[in-house]
Structures are given as C-alpha cells and as structure tokens.
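Engineer: One structure, as structure tokens, below. Some questions next.
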There are 2 protein chains.
Amino acid sequence: MIVNISLPDNTKYDITIDTLKKQYFDRKVVIVTNPTVSSLHLDYLKEKISAKELSVVTVPDGEQYKNMETIEAILEHCFEHKLNRNSLLIAFGGGVIGDMTGFAASIYQRGIDFIQVPTTLLSQVDASVGGKTGVNNKYGKNLIGAFHQPIAVNIDPHFLTTLPKREFGAGIAEIVKMAVTFNKDFFQWLEKNNLNDEKNIKTAIAKSVETKAWVVSQDEKERGLRAALNYGHTFGHVIENETNYNTYLHGEAVGIGMVMANELAKKIGYMSEGETLRVKHLLEKYDIPTSYKIEDVEDFYEHFFLDKKSLDNRIKFIVPKGIGDCEITDLISKENVIEVLKGFSN
Amino acid sequence: MIVNISLPDNTKYDITIDTLKKQYFDRKVVIVTNPTVSSLHLDYLKEKISAKELSVVTVPDGEQYKNMETIEAILEHCFEHKLNRNSLLIAFGGGVIGDMTGFAASIYQRGIDFIQVPTTLLSQVDASVGGKTGVNNKYGKNLIGAFHQPIAVNIDPHFLTTLPKREFGAGIAEIVKMAVTFNKDFFQWLEKNNLNDEKNIKTAIAKSVETKAWVVSQDEKERGLRAALNYGHTFGHVIENETNYNTYLHGEAVGIGMVMANELAKKIGYMSEGETLRVKHLLEKYDIPTSYKIEDVEDFYEHFFLDKKSLDNRIKFIVPKGIGDCEITDLISKENVIEVLKGFSN
C-alpha cells in the first residue's frame with residue numbers, strides 16, 4: 001500500500017505501508033535509534049538496509065531526552081563519521097526519534113536527507129508523515145525545530161508485534177483524532193471494527209496516513225488547516241508539561257486533551273452530549289485515559305500561552321463540529337474555557 | 001536601487017540598496033546585534049524601525065562566538081519575550097550576526113521571518129543575500145545551519161562610514177570574488193574605479209548583489225552553480241581554522257584563498273601568470289592580505305576534508321578560467337594541490 005504526498009514546492013515522497021523491502025544506498029547512512037527499539041528490531045532492519053557505509057547512533061529512550069543535548073549527540077556522531085551533504089539519516093523508532101532525527105538532518109550541513117522508519121503506532125499514523133521536526137525545552141514542546149520533509153516513510157506493521165499495550169493505545173488516540181476532525185465515515189468504521197485485528201490496523205494506518213498526507217499537502221507550514229491536527233494537543237501539551245513528560249505517553253495526553261476539547265465544543269454548542277460520549281467510548285475501548293485531575297485551573301490556563309499555537313495572548317483551540325469536521329478558533333472566551341477546566345478539577 | 005530575488009519555490013524578496021526608510025511592524029520584533037554595532041548605530045536603526053513590541057538582544061562580537069551557545073542565547077531572549085510564529089527578527093550587524101540571526105529564526109518554532117540589515121561591506125555584498133545561515137563548531141565553519149531566506153534585505157551604505165579599513169577590505173575581497181568568477185566587465189570596471197568613492201561603492205554593491213541574486217535564483221541549495229561562490233573559501237576556511245578564527249577576517253582569509261586558488265588555476269593551465277597578477281594587484285590596492293605561510297603542507301591538505309564541500313574524500317575546488325568564468329571540479333590531483341601549497345610554505 002503506497003500513499004503519495006505532494007507539496008506545493010514540488011517536494012514529493014512515498015509513504016509505504018508494508019513489510020520493509022531490501023534496499024541498498026550508495027552513500028553513508030546513519031541509523032538513529034534508542035536502546036529499546038535497537039534490542040528488539042535492529043537486526044531486522046539491518047538485514048533489509050545496506051549502504052556504502054552504515055553506522056548506528058543510539059540515544060536515550062523517552063520524551064525527556066527530546067532536547068538539544070541529544071541533537072548535539074546525533075550531530076557529533078555524524079561529524080565523527082564524516083557524513084557529507086549526500087549522506088542519509090534513518091529515523092528508527094517512535095515519534096521522539098523521528099522528530100529528533102529529522103531535526104538533526106535539517107541542520108546538519110544545512111540539511112541532508114532522512115527516511116522515517118516508524119516503529120510505534122503513533123509515529124506510523126501521524127508523526128512520521130509531514131516533516132515536522134523538533135525538540136522540547138523548558139518553555140514547552142517542539143518549540144525549537146524545523147519543517148524538513150523525509151524523502152520516504154516506510155511503515156512496517158511488523159514492528160507493532162512487540163509494542164506495549166499502552167503505546168498501542170496512544171497510537172489509536174491519534175487515529176481517532178484524524179477521524180473526529182476530518183472523516184465521519186472513518187469514525188463509524190472505527191466504532192465497528194477492532195483494531196487489534198492485524199488487517200484492520202493496517203487499514204486504519206493507511207486511512208490515517210491518507211488523511212495526514214492530504215492535510216499536509218494543503219498546508220505544509222501550518223498557516224491554517226494543518227492546525228486542526230492539533231485537536232487535543234492544546235490541552236494535551238499542558239497535561240504533559242504539568243506531569244513533567246513522565247506520566248502520560250504523548251498519545252495518552254492527547255486522548256485526555258480530546259475529551260477536554262470535546263467538552264469545550266459541547267459548551268459552545270458544537271457537539272452534542274451523545275457525540276462527546278461516542279469519542280470517549282471509542283478511546284476507552286482501547287484503555288486510553290480520558291480523565292485528568294487539574295489541581296489549579298488558573299495555572300493550567302496560563303500554561304496555554306507558552307504553546308506556540310497561541311498568537312499574541314489568544315489561544316487557538318481546535319473544536320470538533322459534531323464528528324468528522326472541526327473549527328480552528330481563537331475566539332473562545334476565557335470564562336468558557338475556565339468553566340470546562342473546572343469540570344476536570346474535582 | 002532594488003534588486004529582486006526569486007527562487008524556484010516561489011520565495012521572493014527585495015534587496016534594497018539605499019538609505020533605510022521608516023518602517024512600522026504590527027508584530028513583535030527583536031533586533032539581534034553586537035556591542036560594536038549597537039554603540040555606533042542602534043539609535044539610527046531604532047529611529048527607522050518601530051513595532052508593536054520591540055526588544056534588542058546583544059550577543060558578543062566575533063567569529064569565535066558564532067556557535068550554538070550564542071544561538072541558544074538568542075532563542076532564550078525570544079522565549080522570554082514570548083515571540084510567536086508571527087514575530088520577526090532583524091539581523092543588525094555583519095555576516096556573523098546575519099548567519100546566526102537567520103539560523104535562530106529558522107529553528108524558532110520551526111521557522112519565523114527575519115530581515116537582514118547588514119552593516120559591514122562583506123555582509124552587504126554577499127552574506128546577507130541568499131539564505132545561508134549557520135554556526136561553526138570544532139569541526140569547521142558553518143557545519144550546522146539551514147537554508148532560510150530573509151523576507152527582505154535592507155542595505156544602507158550609511159553604515160560603511162564607520163567601518164574600519166580592514167573590514168572594508170574584507171568586503172572588497174568578496175566583491176572581487178563575484179567579478180572573477182562571473183563577470184569580466186565588472187572586473188575591468190573594478191580595476192579602473194576607486195571603491196573608496198561613495199558613488200562607486202554603491203555601484204559595486206549593487207553589481208555584487210545582482211550577481212549573487214542571480215546565482216542563488218539558479219541554485220538555492222548549492223547543488224551546482226552556487227558552489228562557485230566558494231571561490232577562495234576552500235583554502236580560506238583552512239586558513240581561518242588554522243589561525244583559530246582570530247587572526248584574519250573572513251574576507252581576508254578569502255582574499256588569500258583566492259590567490260591560492262588562482263595558483264592552482266595557473267598550475268592546470270586555466271589562468272595565465274598575468275591574470276593571477278591582475279587579481280592580486282586588485283586585492284593589494286585595498287590592502288587585502290595575499291600571502292600566508294603554511295607550516296605543514298600535509299596537515300593543511302588534510303583540513304580540506306572537514307569542509308562540507310568535500311564529498312567522500314574528494315575536495316571540490318573552484319578554479320577560475322581566466323577572469324569572469326570558473327569551473328567547479330573535484331578532479332584535481334593531490335600532487336598538484338600539494339605543489340601549490342608548497343609554494344606558500346617558504
């Protein structure tokens with residue numbers, strides 16, 4: 001299964017959803033991975049990928065290491081191995097590895113090629129497609145980074161066989177996101193089909209990737225439409241930040257964030273009680289958390305302003321309009337938001 | 001005088017060579033500068049530029065501070081002042097400030113706008129145009145960076161009135177580079193006219209910028225033609241590196257580098273003795289250094305391989321073909337290069 005993505009500046013690449021094919025690269029290649037993925041799957045990848053000169057750099061596992069120090073470690077490896085402008089990086093891991101490898105590739109000698117080989121469901125359905133790269137810092141998530149498109153995305157469902165259940169759920173959350181914001185039929189299909197089934201998950205990946213590719217083709221740099229993919233993220237980022245990135249997986253925080261966004265949608269009359277419950281039930285079917293206790297409502301609200309989606313003291317919310325459509329708005333009153341947040345504070 | 005630059009991906013911007021006009025920006029603006037430029041010209045700039053919210057970040061002066069630490073300091077200022085995706089950076093200084101401001105703008109929240117207001121002759125005629133941004137590290141020059149085009153370049157010859165003579169010469173070196181590689185008529189004009197004259201220098205800036213804009217329009221990412229602008233730089237970078245970036249100004253090292261490249265061109269029959277002397281005399285007319293003592297020829301040669309223009313153990317040299325044309329080649333034998341280097345070792 002191949003999904004093609006084509007951007008206004010003529011950048012094009014293929015997203016292949018299939019067992020990895022054997023490939024030879026007539027250039028220096030560096031695989032960037034973490035210890036977990038490496039111990040489970042590096043041999044599998046190395047059997048498929050060969051190159052003029054191949055090396056591996058392993059960086060610590062986890063969102064808390066998604067920072068400039070790790071980027072410098074990746075770059076250091078590239079310099080030591082004398083990579084040149086024609087060299088290639090392969091991101092082999094989840095969203096964190098993909099975001100960091102892409103960012104390192106974007107600034108090494110003003111930009112070299114990279115390929116995404118995502119190993120988690122979350123990165124397969126969302127993060128690996130679209131060229132957003134970056135790292136976190138003390139001010140928030142992905143605040144330093146670049147738009148740098150991969151030259152290919154190879155999604156091999158094989159890697160999902162070893163994925164912990166929680167990480168699987170985190171991926172489902174992003175699939176649900178695509179459906180709620182853009183595709184009612186897909187949402188209904190998700191309600192009826194079990195994604196633990198191998199054939200179904202492949203279909204769901206393809207559907208999500210198609211949606212993502214379409215959105216990115218319309219609006220690569222997130223001037224408008226693409227912001228809709230941040231549904232659940234405005235709230236989710238604050239939750240991750242409040243819990244020091246060590247309590248929830250990104251997809252889990254987004255799951256809770258979508259439930260919060262839906263409450264806001266309900267408050268302004270965009271969603272019915274029934275629709276918010278359908279989304280919640282779908283998330284709960286895969287044991288994705290849907291509740292969170294806000295300790296300090298005002299403090300939670302203030303956190304929004306550090307999100308880069310907040311232009312000049314206006315917070316941009318993505319609120320669903322029923323299921324399958326959504327609106328990006330910065331016109332929601334603080335009062336309405338605070339009231340919704342209060343609903344999560346008891 | 002306005003030169004327009006237009007890239008294949010539809011990016012366009014104006015390079016204005018004239019006294020700065022008053023401008024108001026309805027967004028947050030940060031001026032990035034250094035203490036030297038700030039003490040001489042910040043008041044002048046502030047009188048011309050106003051914004052919704054204006055702040056200034058001052059970073060240490062000099063090539064030795066063109067590194068990731070300074071980038072982090074600029075970004076820190078931007079985060080503290082809560083810049084958003086709609087904010088603007090203004091690079092106010094020479095090439096170092098321009099390269100760093102552009103790089104910071106390229107990675108702050110995945111890329112924000114920036115404007116170049118170059119204050120040195122070198123940055124006015126070359127560095128401020130074309131979107132190359134970056135920093136140095138222990139492996140060499142500009143090895144970490146990005147292609148990120150400014151939204152405008154404002155070249156005000158007023159700033160040249162306070163420019164030290166050596167820095168003026170360093171700028172002339174890059175003007176000579178443009179003429180030798182691409183424009184025989186311009187070279188002859190340079191031989192006949194004194195650039196210390198106000199009218200002449202403005203003409204020379206415009207001519208250089210036109211050449212640069214044309215080259216960048218053809219080949220933004222330096223896949224081919226643009227590499228010609230590295231004439232003198234392959235040698236120059238090694239000289240700068242050997243002298244710890246604290247002996248020669250960049251343009252001075254390029255001046256010496258051009259003399260070395262010309263010797264190489266002479267060796268392979270591309271330039272006559274007379275032509276190499278014409279270039280040398282033009283440089284000497286502005287007291288630009290043209291000699292350098294190489295201590296260890298083999299070591300100097302090895303340094304080439306850390307330059308990012310060296311693909312897989314082949315060094316890319318830019319050798320003039322007479323005056324006004326040049327060739328980019330990686331086919332020059334080590335023996336020929338070593339012999340040329342030996343000519344600089346006594």
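Cβ coordinates come from backbone N, Cα and C, glycine included.
Note that the coordinates shown come from a computational prediction; the quantities given were computed from them, not determined experimentally.
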Engineer: Which residue of B:His148, B:His250 does TrEMBL report at the same Zn(2+) site as B:Glu174, B:His233?
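Structural biologist: Looking at B:His148, B:His250, the one TrEMBL places in the Zn(2+) site next to B:Glu174, B:His233 is B:His250.
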Engineer: Across the whole of the domain '3-dehydroquinate synthase N-terminal' (B:57-168), what does the mean pLDDT come to? Round it, please.
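Structural biologist: Mean model confidence (pLDDT) across the domain '3-dehydroquinate synthase N-terminal' (B:57-168) is 95.
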Engineer: According to DSSP, which kind of secondary structure is B:Gly98 (NAD(+) binding site) found in, if we only use helix, strand and coil?
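Structural biologist: B:Gly98 (NAD(+) binding site) sits in a helix per DSSP.
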Engineer: Given the recorded Zn(2+) site (B:Glu174, B:His233, B:His250), which additional residues of the same chain have their Cβ within 8 Å of the Cβ centre, ordered by sequence?
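Structural biologist: For the Zn(2+) site the neighbour list reads B:Leu122, B:Asp126, B:Ala127, B:Ala170, B:Ala173, B:Lys177, B:Gly232, B:Gly236, B:Gly251, B:Ala253, B:Val254, B:Gly257.
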Engineer: Between B:Phe159 (NAD(+) binding site) and B:His250 (Zn(2+) binding site), what C-alpha distance do you get in Å?
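Structural biologist: Taking the Cα atoms only, B:Phe159 (NAD(+) binding site) lies 19 Å from B:His250 (Zn(2+) binding site).
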Engineer: Please compare the binding-site residues B:His233, B:His250 by how many other CB atoms fall within 10 Å of each one's CB, and tell me which has the fewest.
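Structural biologist: Each of the binding-site residues B:His233, B:His250 was scored; lowest Cβ tally within 10 Å is B:His233.
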Engineer: Rounded to the nearest angstrom, how far is the Cα of B:His250 (Zn(2+) binding site) from the Cα of B:Thr162 (NAD(+) binding site)?
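Structural biologist: On Cα coordinates alone, these residues lie 19 Å apart.
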Engineer: Roughly how many Å separate the Cα of B:Glu174 (Zn(2+) binding site) from that of B:Thr120 (NAD(+) binding site), to the nearest whole number?
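Structural biologist: About 12 Å separates the two Cα atoms.
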